[in-house]
Structure formats: C-alpha cells, structure tokens
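Listed in TrEMBL for this protein:
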- 10-139: domain 'EamA' (DOMAIN)
- 36-57: transmembrane segment (TRANSMEM)
- 69-89: transmembrane segment (TRANSMEM)
- 95-115: transmembrane segment (TRANSMEM)
- 127-148: transmembrane segment (TRANSMEM)
- 154-176: transmembrane segment (TRANSMEM)
- 157-284: domain 'EamA' (DOMAIN)
- 188-211: transmembrane segment (TRANSMEM)
- 217-237: transmembrane segment (TRANSMEM)
- 244-263: transmembrane segment (TRANSMEM)
- 269-287: transmembrane segment (TRANSMEM)
C-alpha cells in the first residue's frame, strides 16, 4: 500500500469513528424529543441511512447481480440488524458503560483472533501492543461499571454485548473481502437492516412526536453517523485491513465522551484522560504500521 493510500484509509477510519461517536448523543436526544425506544431509534437510523446511501450510489444498483453479491447484501443487512438489537438489549440489561466496554472492546479482539487463525500467523507485536493499549484505554474511559443486581439480568446483558461485538466483527471480516458493487451492497444492506429491525421497533412503538427537532434528529442520525460513517468505514477497511479498521471503532466511545464533556457538562476523570490518550496513541501506532 502506498503512503498516500495508507493516509487516506486512516483518515476514512478516523472519520467513521468520530461520526459514530456523535450518534450516541443524537440518539439520546431523539429518544427524549420523539418519545421513542432505543430499538425504534436504531430502526429509523438504518432505514433513513440506508435510503440516503442507496439514492447516493444511484446507477451502481444495476450492478447488484449474481449470487455472491446478493449473499453479501443479505449477510450485511442481517449483521447490521443483529448488532443493533443485541447492543440495545445489552444496554437495557446492564449499564451503558459496561455494554459499551464489552461490545466495542471485543470487536478488535474477535477480528484479530479470526484473522490469526485464518492466516495461520499471529498479529505483529505492534498490533498486539496497540490492541492491549486500546483495551486498557477503553476500560479507563468507560470507568468502573455497576454490575450489581439480578445475576440472570447481568449474564444476559454480557452475553448480548458479546453477541453485538461478534456481529460487528463478522461484518468487518466479511466486508474486508471485496465484491462487485460493494458500495451498493453496503447501502442496500443498511436499508435491509432497518427493515429487519422494524418488527422489533413496532413492538415498542415507532410513531414519534413530530416536531422540527425530531425530524432534524432523524435526518442527522440517518445521514451523518450512519450513511457517511459506514461509507467511510467500509472504504477505509478495503485499504487498511480488518484489524486496523476494528481498532478504529474505539474512537466512537472516545468521541462520545468528549462531546458529553463539551455539551452535557460532564467531567472527565484523570483515568478517563489517560484512557483517551492510550486509545489515541494506539490508533496512531496502528496507522503507522498499516
């Protein structure tokens, strides 16, 4: 890979992680303003994002031909829906911090592990060091979660968080292998994921309180942290590789934390600052080795 290509892929992955990080606050605002459940918010996010992305690819939709392409499309939609549902169930069963810690933390671990088995080669020392540093940083950033309460509820929350992480890891590994019309495949896959989520969302109620703010938030969630973010992620993934791309997901909780400090008046602890530095440093190191 050329230096310019490596820089472009790194920038795309950074953009994806940062844009995803804005989705948390926007989603919370939409839940409050629109009176929607988390699953309904996720469904609107994928539906609008998929629709926008599908319109954007335009004529590429004509290239959606062949069993391989359609299998990729269906798998993408299923994994996106599975990730969203599993993560939301986890958040409802355990704390947001613990759900985020497990889900985001296990993605690069799963990807690195599967890649090592598939290639019959251990990751490089630099990648292992970056992975360890980012996991420690994520733990410090999320803080000590509250795991008290019902044991069964906690177990279900942990298992579903692992399932969410496994789903996103699988999506990353699948998308790392190029197919024809990959842009159209991802775009329609987002839309399919939203359609698959709709029955679950209807059970919670999908009719929002219609205001200008609600419509704007739905549009923002669909366009910025979904259509643009996933587009950037999958473009960067093709050049940087699955493990480096998976590590970039750490930017999501980092960005969300910074936004919470700036706009919600939350305070970042010393441990959180150290965690942020570790995550940032690990991503810089990974970018230099790809």
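In case you wondered, yes, glycine gets a Cβ from its N, Cα and C as well.
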(message) Taking contact to mean 3 or more CB pairs closer than 8 A (sequence separation of 6 or more), are the transmembrane segment (217-237) and the transmembrane segment (36-57) in contact?
(response) yes
(request) May I ask which of the stretches 36-57, 154-176, 244-263, 269-287 has the most CB pairs under 8 A with the transmembrane segment (95-115)? (result) 154-176
(message) Give the nonlocal contacts of the transmembrane segment (36-57) in its own chain as ranges (CB under 8 Å, at least six residues past its ends).
(response) 23, 27, 30, 80-81, 84-85, 88, 91-92, 183-184, 186-195, 197-198, 200-201, 203-206, 208, 218-219, 221-223, 225-227, 230-231
(message) Let me spell it out: take the transmembrane segment (269-287), skip the flanking residues so only those 6+ beyond its ends count, and list any with a Cβ under 8 Å from a Cβ in it.
(response) 6, 10, 14, 126-127, 129-131, 133-134, 136-143, 240, 243-244, 247-248, 250-251, 254, 257-258
(request) Could you tell me the mean pLDDT over the domain 'EamA' (157-284), as a whole number? (result) 88
